[in-house]
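Novice: Mind looking over this structure? Questions follow.
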Amino acid sequence: FLFVFFTEEERRVRANDREYNEKFQYASNCIMTSKYNIITFLPVNLFEQFQEVANTYFLFLLILQLIPQISSLSWFTTIVPLVLVLSITAVKDATDDYFRHKSDNQVNNRQSQVLIGVTLLYTVYVFQADLLLLSSSEPHSLCYIETAELDGETNMKVRQSLSVTSELGDPNNLAQFDGEVVCEPPNNKLDRFCGTLYWKDCKYPLSNQNMLLRGCVLRNTESCCGLVIFAGPDTKLMQNSGRTKFKRTSIDRLMNTLVLWIFGFLVCMGVILAIGNAVWEKEVGALFQSFLPWDPPVDNFLFSAFLSFWSYVIILNTVVPISLYVSVEVIRLGHSYFINWDRRMFCSRSNTAAEARTTTLNEELGQVEYIFSDKTGTLTQNIMTFNKCSINGRAYGEVMDILGAQQKRVQPLDFSAWNPLADRDFCFYDQSLLEAVMVGEPAVHEFFRVLSLCHTVMSEEKREGVLVYKAQSPDEGALVTAARNFGFVFRSRTPGTVTTHELGKAVTYTLLAILDFNNIRKRMSVIVRNPEGRIRLYCKGADTVLFERLHSCNHELMNITSDHLNEYAGDGLRTLALAYRDLSEEQWEAWAERFRGADKATDCRDDRLAAVYEEIEQDMMLLGATAVEDKLQDGVPETIAILSLANIKIWVLTGDKQETAVNIGYSCKMLTDDMTEIFIVNGHTVQSVREELRYNAPPSSLLESISGEFALIISGHSLAHALEADMEREFLETACACRAVICCRVTPLQKALVVELVKRHKKAVTLAIGDGANDVSMIKTAHIGVGISGQEGIQAVLASDYSFSQFRFLQRLLLVHGRWSYLRMCRFLCYFFYKNFAFTMVHFWFGFFCGFSAQTVYDQYFITLYNIVYTSLPVLAMGIFDQDVPEQRSLEYPKLYEPGQLNLLFNKREFFICIAQGIYTSVVLFFIPYGVLSHATQSNGVPLADYQTFAVTTATALVIVVSVQIALDTGYWTAINHFFIWGSLGTYFTILFAMHSSILFNIFPKQFHFLGSAHNTLGQPVVWLTIALATVISIAPVLAFRFLKLDLKPQLSDTVRNTQLVLQKKRKPGGRVGRGSRRSGYAFAHQEGFGELITSGKNMRLSSMALATFASRHSSSWIDTLRRKKHANSTGAQNTPPTGEDSAASSQTPPLSTSSSAAGKAGQACNEPVLTHSPDDIALSVIRCPEREVGECSTGTVQVNIHLKTSSSTNCILWG
């Protein structure tokens, strides 16, 4: 066969000509995301499962066990666990694929009307292919769509067909349509389309405004019809979906390495025992050849050793437990359900619960070091309000008294009294602006006329006088709503007109042209003709762009307006400048001719249009500027402060400008007044960026010590150079030396590149969080992706690993669920490897006493059931439910999160410690029963030194020892833990006595040989004494080590638990609570039309002294602090005010860490402070207070109480 691969250079589609279209073999419209069908499921799934090294290894062992000369175990000891594991995984995969099939069927069977024989789609509600819009039921063939599935924007957009095809709505006309489209090949560019329609010997240019893409939803349009251009995998939606990167946790990678090491260890043990077999057979076994010859085909001691090697590989295979992987998946599934069920991560306002969209990354949540966050809709609410404006040099929005002082806003203006079309939810407080409208100031009227005409908002009138605006961006909707309330009401539009109500009078403007917004132009304009025939261009856009295009006579007004804009930026508001230009009829006609020529161009159309736009947008007259506000989401500053205390570095990647970036940093408490310096990198060339980075970069020897002192802000054009191969390390070193990093004016691709840079060089766990389609690449690139289900659609959620509705839930996801998942998984793995080495190594020691004959210590049923019945449920219960401290303490002591970042709880060192403990336990379990029973006798004088008595004793001791060990390892007891641990012990004894009963012996006499052996063995007191002795010797060193470690080198979690016990015994009475810290308003400015959604907000600032203390304290390791425990104890009595019971209670509280503690639960009572003592005699008490009466803590505040020792007998107490 000859396969020819070619790249499609252009797409040709001819209407009503199936034979012509089929010769190109274009893709069908069927979408298939499923992996299996009924026929392929079993072979494909088994093939995938056996790509796992462990599964292939156990299949190999099963084959070996079928060889009688090798195996001393029955084949079912391996096949039962293997089949169980394969079955559970297959059921899980089948369930997942069933839902994929269900989703595919739902998508592929969406109803549409297709004319037979033609590639036309009719009456579509959710578009299933990329269509060229031919006509619609709306006037002028307009079509209204939502594109949330494509770009994350929930606002309504408009598309329009060519005028020549607008009459094709009738089925008879559609059947006669024979136009041909020649266009670009399939690509992933959502915002552009270039093609040409050839019909009736004419050609017509096609653009993105004529296209209806797959995934769009039809709104406010009864029906439409179109020509399918791209189908199935060729559609732009599917081209953009890309491949989701397979994400694996660091524990997974470590575990694969450890399993390979265990394989090597297993081979070494097999070699040692095989060598022992060769020596024994040569020196001792030869003496028995006359009456105990070798079994065929063994004819010499070397071949016997070879077979013995494989026999021991089979016997010792349980050091690599096949149930390990299934147990890990079950535990992860349980952790995912805990996230889904967490009511404290449920947002009642949006009725949205947290969702774990993956089950493989839960423990990675406990190891995050870097968070990369979007701003709009993630840190902010993305709900804009018109706040202030500047018109003709006068600022409006602030209410001043006669002395010029700002008055407190008491009552918003009532617009409904004179404007029946006003939006009742709109709030504005400056009466002077309304008076200016009422008296008819021309500049004010023209200002609001611009806002009512220069936009792409769609209006829907639910009923008479009730308008609903569908805007491209929230800030554009806020501006049109502001004009509506001040009497300039946008009512409706057609392709050629815009109808408004100006102070109660209906006015229809002829819409001559729309000069659309894009990220390069940073502005949009409309050209309209008013009813009197005057032509005027209205423009709004970024001040830096608009001011360059003003007439020279605007210089003085521009300076005044610039001052207002700077003031608005300082208040954290998004700004736009407004201007206009009058055009003569001759100017319009000449420009319109050039515009039509550029619009019809087939090559470089966008560049030609931009050049034509530039011609007309000159010599404009400045009207003023607008300022809209977007406040931060609830709890954002507190969340960032707490995560910073957990040694998590937060980088904000935003599309906003530099001034906005600085203000968002202050709003979120990422930037503080106490920082040594804020570095700003704003170079436009490679050399300038390199010089700024080298000037700003601190010495490498001081990176760790100054990490809390500096901040870095870098712009998008500088970042493009900083990410180049020869400069990225310098940028990364500078950024990582700073406490806060903010990248502004960045593209979606740059967001992903920054994340990839940190992943590649820092080897740290990264988390990306965002809410829009522009965050998808960043979310997919990071180790963990979190989607915010907010105002910008669900594209980010669909690409994420975890999702919720509020940024503040991130602290609970990481500090509670993430930390617990990491802790539980580490404890599970440590115990799992311990119990399996304790179980398996007994066979190794027994080999030296049985002539290396590959005889097993335990019976084959015990070997089969040990991992899947006797010890599986207790370790699963610990892995799912265990916790070291309650959730409140996890939030109050962020330093508890650091062990996960440092990977302290499960690493190669901890693995070898577990292995050593398991080997020690195996030595005790073998030699103690061996030494005792070899000389013990029954009460009747019969020796106890028989094989089955030894096997039952050793097995019973093993089950009891590992059960006691998991009881010691369990830090949080539930009824399930009790039931599983003691129930497993009961199950062992039940099965043991059943297998040695006469009932099974009578049914299966060849399988159960040792009738009554269990009853006889466990009826001997010496056996129970032996088991007790083995248990004590196995457990005593562990207890001694833990007590010494707790006393000499306690972990922070141990100290927190001890503190909790002290506080419970002697609760400190709550003192008088002062007012919360003062508010400092920070937000961010912005210039934009309807492209990027960059927003700002303001919120309360923590006390700068407290934040400075936090920054300086949290960089120290808590481990170093614990080493200075004695010093802290010696000064602990002086760290608290000597006030009766308070002092007594505090003196009993051991030192926690050098870090401060932030309050956790929002509802925590004010009389439950978190006490933190440091070696430097500074105590911080951070309390989050709920809503209280006047005189107490205000809603949502954080109170910081600093007790500073000033002398040996006095304390200075500062209340923040």
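Cβ atoms are placed via backbone N, Cα and C, with glycine included.
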Novice: May I ask you to indicate which of 116-139, 980-1003 is given in TrEMBL as transmembrane segment?
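Specialist: My reading of TrEMBL: the transmembrane segment range is 980-1003.
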Novice: Find the member of 300-326, 861-881, 911-930, 980-1003, 1023-1044 that has more C-beta pairs under 8 Å to the transmembrane segment (828-849) than any other listed stretch.
Specialist: 911-930
Novice: Most CB pairs under 8 Å with the transmembrane segment (980-1003): which of 258-280, 300-326, 861-881, 911-930, 950-968?
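Specialist: Selected stretch: 861-881, with the most Cβ pairs under 8 Å.
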Novice: Give me the DSSP three-state residue breakdown of the domain 'P-type ATPase N-terminal' (13-79), ordered helix, strand, coil.
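Specialist: For the domain 'P-type ATPase N-terminal' (13-79), the helix, strand and coil counts are 31 helix, 2 strand, 34 coil.
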Novice: Give the mean pLDDT for the domain 'P-type ATPase C-terminal' (797-1050) on the 0 to 100 scale.
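Specialist: Taking every residue in the domain 'P-type ATPase C-terminal' (797-1050) and averaging pLDDT yields 91.
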Novice: For the transmembrane segment (950-968), which recorded stretch in the set 258-280, 300-326, 911-930, 1023-1044 gives the largest number of Cβ pairs separated by under 8 Å?
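Specialist: Result: 1023-1044.
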Novice: Report the listed stretch (258-280, 300-326, 911-930) having the maximum count of Cβ pairs within less than 8 Å of the transmembrane segment (861-881).
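Specialist: If we count Cβ pairs closer than 8 Å to the transmembrane segment (861-881), 300-326 scores highest.
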Novice: Can you name the far-off residues of the same chain, 6+ from the ends of the transmembrane segment (911-930), with a Cβ under 8 Å from a Cβ of it?
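Specialist: Apart from its flanks, the transmembrane segment (911-930) reaches 258, 830-831, 833-842, 844-846, 849, 857, 950, 953-954, 957-958, 961, 1026, 1029-1030, 1033-1034, 1037-1038.
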Novice: Give me the count of other Cβ atoms within 10 A of the Cβ belonging to ASP775 (Mg(2+) binding site).
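Specialist: ASP775 (Mg(2+) binding site) is surrounded by 32 other Cβ atoms within 10 Å.
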Novice: Taking the Cβ of each of the binding-site residues and counting other Cβ atoms inside 10 Å, which one has the highest number: ASP374, ASP771?
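Specialist: Output for this query is ASP771.
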Novice: Note down the number of other Cβ atoms within 10 Å of the Cβ of THR376 (Mg(2+) binding site), including every protein chain shown.
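Specialist: Result for THR376 (Mg(2+) binding site): 31 other Cβ atoms within 10 Å.
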Novice: Using a Cβ-Cβ cut-off of under 8 Å, list the residues of the same chain that are 6+ residues beyond the ends of the transmembrane segment (258-280) and lie near it.
Specialist: 53-54, 57, 301-302, 304-306, 308-310, 312-313, 316-317, 319-320, 833, 844, 847-848, 851-854, 908, 911
